[in-house]
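Taken from Swiss-Prot as is:
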REGION    1-21  region 'Disordered'
BINDING   C310, C313, C356, E363  [4Fe-4S] cluster binding site
Amino acid sequence: MNKLENPSQRDVAGPSPRHKTTQVMVGSIAVGGGAPIVVQSMTNTDTADVEGTIAQVAALSRAGSEMVRITVDRDEAAAAVPHIRDGLRKRGIATPLIGDFHYIGHKLLADHPACAEALDKYRINPGNVGFKDKRDKQFTDIVEMAIKYGKAVRIGANWGSLDQELLTHLMEENANSAAPLEARAVTREAMVQSALLSAKRAEEIGLPKNRMILSAKVSAVQDLIAVYQTLASRSDYAIHLGLTEAGMGSKGIVASSAALGILLQQGIGDTIRISLTPEPGGDRTREVQVAQELLQTMGFRTFVPLVAACPGCGRTTSTTFQELARSIQDFIRDEMPGWKTQYPGVEQLNVAVMGCIVNGPGESKHADIGISLPGTGEAPAAPVFVDGKKFRTLRGPAIAQDFKALVIDYIDQRYGSGGKTPTDATTAAAE
């Protein structure tokens, strides 16, 4: 029997089955329980600035953030929350809002019931909800508010604000062990226990499992992977993934993608945030785009049409293909908010923009619509392929504009009400 016919040799590429978790509703968004992995983000505005926060939540929502977290750190911020919610609704935006509470969340929720009602989820950090004898009461107060208003809660441990009493206890216990672990391993265990013990306490107070999401964030990739693997192995709570303090630019993107990519491949994670430090004056929505691209490139979800483009080499000294690839990608992202309703299914479109004859025609044939631009020294002609077949050859100085027009035409005919493709309608025009 040929090796390819051996059942044990069959293609097993793909992620592990999703870790089974209890589904939680955050507003209208389902998290866990087999629901699609949810993208979320966080504002960096002063929440007391109602108009500024509305504008940023709206921008994050348009970019694709399905939930947005806002800081609630003082009375002015708490008082602003219902106005932010109302302002978003006037704009037709129903994106769930998550209140991020530290230190005095119990007091803010009690003093501002309109805030408690307006939020869709409360985030509690068990490391700073209170200290010593105050901890249990203040934690209980927040959980009881969530029960009263029917809200979900994320219990989010973070090793930058880890419960020091728990950590000290585990360190002392480890020191007296016959085979003590490294301090780093004990810290990871403290992270997991902090989340799980807090969740157990919340259940004892009366908050059901289907209202709780857990997270345990660290800033080191290998530690994050280990912490979440342990957390998933010990519970079936819905899980929020994120690498804290990931950093700026490419470093933050690479670190977050490396950590979350491994966990997602193992079936762990129900909602994710890519925590990027924005460049001065940078676009906050970048973290949403990266989260979407991570999920889409791994095959978990589709958000926008993908544009494949070659990296370039000595055969492509012209920048035309690079400029066209960027132009098409930017155009698609800008148009997606309207296309989602106008062209259902358009997010599954694949476009190829290639730079020379070596791989250009082949890659273009694999895409729904693709173009192979001429490389250095090649004839000034660019064949266009539609659904795997040569459709037309573009020439002249307006190749980029002509190809964009063909992409628009393809989308309209394939995903519009007619459901046709350019090859159906205009095959006679092809060479």
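Heads up, the Cβ atoms here are built off N, Cα and C, so glycines get one too.
Keep in mind it's a predicted model, so treat the numbers as computed, not measured.
In the three-state DSSP scheme, E363 ([4Fe-4S] cluster binding site) falls into the helix class. In sequence order, G355, C356 are the residues of the chain that are 6 or more apart from C313 ([4Fe-4S] cluster binding site) and have a CB within less than 8 Å of its CB. Within 10 Å of the Cβ of C310 ([4Fe-4S] cluster binding site) there are 22 other Cβ atoms, across all protein chains. Set side by side, the binding-site residues C356, E363 differ in how many other CB atoms lie within 10 angstroms of their CB, and the most is found at C356.
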